[in-house]
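Engineer: I'd like to ask you about the structure that follows.
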Amino acid sequence: MSNGLHFRPTRAEIDTDALRHNATMARKHAGHCKLMGVIKANGYGHGAVEVAHAINGSVDAYGVAFIDEALKLRDAGFIQPIVLLEGCFSEAELPVCAHYNLQPVVHQQAQLDAILNARLVKPLAVWLKADTGMHRLGFAPEQIEAVSKQLENCPQVGSVTVMTHFANADRHQHPLNERQLDRFNEVCARTTPARTLSAANTAALLSSALDLGDKASQWCRTGIMLYGVDPTEQQEALPLLPAMRLLAPVMAVREVAAGEAVGYGSQWVATRPSRIATLAIGYADGYPRHAPNGTPVWLNGVEVPLAGTVSMDMITVDVTDLEHLEVGDEAELWGPNLAVAKVAEAIRTITYELLTRVSERVPRHYK
Ligand SMILES: *Cc1c(COP(=O)(O)O)cnc(C)c1O
């Protein structure tokens with residue numbers, strides 16, 4: 001931005017106190033578990049470096065998807081262990097992992113071969129992933145014993161943490177949870193000696209239905225909870241604080257006669273004389289284009305419905321029932337007044353997608 005000038009009022013306010021509070025809550029829930037703060041995808045859209053700062057005191061390691069995300073944290077001066085949840089994509093990454101103390105997940109044969117054949121200055125801490133039923137990444141349970149032996153006998157490897165990932169941890173009654181946990185416990189019983197394990201994401205950590213066993217030997221990997229969202233269906237709300245407040249100003253207001261349509265495709269039609277406010281946020285900012293009519297937007301103390309197709313830079317909302325409204329008033333797309341979970345439900349997506357897709361052109365303001 002030339003001369004550092006910066007005017008756009010549309011913004012995402014990031015509450016670093018809320019991040020800190022949520023990390024403390026995660027720490028409490030984790031008990032004697034070690035805690036990995038998952039800050040992949042730019043800290044779920046909140047800014048990885050800023051999130052890493054905010055949660056620093058509560059977590060024992062950071063988790064990211066791939067090495068570039070980890071190096072950004074090293075460049076910013078963080079010295080904590082960082083786990084690469086997708087592992088390495090090429091053998092060229094291994095010396096970089098060793099040098100920067102990055103801990104790759106090993107989930108398939110090519111990654112294993114690369115480590116076994118590498119010549120490294122320092123041994124790696126690796127995470128061995130078992131596929132206990134999600135069928136996305138990981139070695140088959142019956143392979144784990146042999147693979148972990150190979151890793152343990154390899155001079156390039158300093159430690160091995162066996163891990164797995166649940167497919168349905170957010171649904172406490174889902175039968176696959178028990179099956180995955182049983183398979184994982186079998187795998188862990190067969191790998192010797194007893195070592196640290198990691199199965200739980202946020203949902204599994206919060207699930208009372210999943211008995212993860214002795215916590216002292218475990219790592220919990222928690223992401224979404226840090227940002228203020230409980231991903232489970234439990235009734236009792238956790239005292240988490242939303243960390244992101246997405247805001248856009250009203251940039252125009254107009255009266256629309258009954259029978260007139262609003263926006264691309266004319267797919268919202270006024271059934272009465274209506275007032276329409278246009279807000280300066282659109283799908284290029286990460287507000288989903290497929291958000292249907294009626295999706296709630298918080299404006300001047302009430303929820304108003306989206307009216308018309310989401311444009312690239314703008315949306316339109318029906319403010320007929322709003323008493324006070326002026327150009328320049330600010331709408332909250334989600335945040336403390338309108339839970340991102342409620343918006344996600346209306347849009348038929350999940351909170352993770354809404355948060356991570358807030359695009360680069362939306363400035364983050366930290367407080
Ligand atoms: C992203 C991720 C997590 C964090 O999941 P949340 O539901 O956000 O807590 C944990 N484990 C793995 C392997 C992941 O990829």
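Glycine residues also receive a Cβ, built from the backbone N, Cα and C atoms like all the rest.
Keep in mind that TrEMBL annotations are predicted by a computer and have not been checked by a curator.
Per TrEMBL, the features are:
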- K40: active site, proton acceptor (ACT_SITE)
- Y264: active site, proton acceptor (ACT_SITE)
- R136, M312: substrate binding site (BINDING)
- 243-367: domain 'Alanine racemase C-terminal' (DOMAIN)
- K40: N6-(pyridoxal phosphate)lysine (MOD_RES)
Engineer: I need the CA-to-CA distance for K40 (active site, proton acceptor) versus R136 (substrate binding site), whole Å please.
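Structural biologist: Rounded to the nearest whole number, the Cα-Cα distance is 18 Å.
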Engineer: Just to confirm: which same-chain residues, 6+ apart in sequence, have a Cβ under 8 Å from the Cβ of R136 (substrate binding site)?
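Structural biologist: Counting only residues 6 or more apart in sequence, the Cβ neighbours of R136 (substrate binding site) under 8 Å are H165.
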Engineer: Just to be sure I understand, if DSSP states are collapsed into helix, strand and coil, how many residues of the domain 'Alanine racemase C-terminal' (243-367) fall in each?
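Structural biologist: So the domain 'Alanine racemase C-terminal' (243-367) is made up of 20 helix, 46 strand, 59 coil.
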Engineer: Cα of Y264 (active site, proton acceptor) to Cα of M312 (substrate binding site): how many Å, rounded?
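Structural biologist: For Y264 (active site, proton acceptor) versus M312 (substrate binding site), the Cα atoms are 11 Å apart.
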Engineer: Per DSSP, R136 (substrate binding site) is which: helix, strand or coil?
Structural biologist: coil
Engineer: Sorted by position, what residues of the same chain at least six away from M312 (substrate binding site) have a C-beta under 8 A from it?
Structural biologist: G282, Y283, A284
Engineer: Looking only at K40, Y264, the active-site residues on record, which one has the least crowded Cβ, with the fewest other Cβ atoms within 10 Å?
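Structural biologist: Comparing Cβ neighbour counts within 10 Å for the active-site residues K40, Y264 gives Y264.
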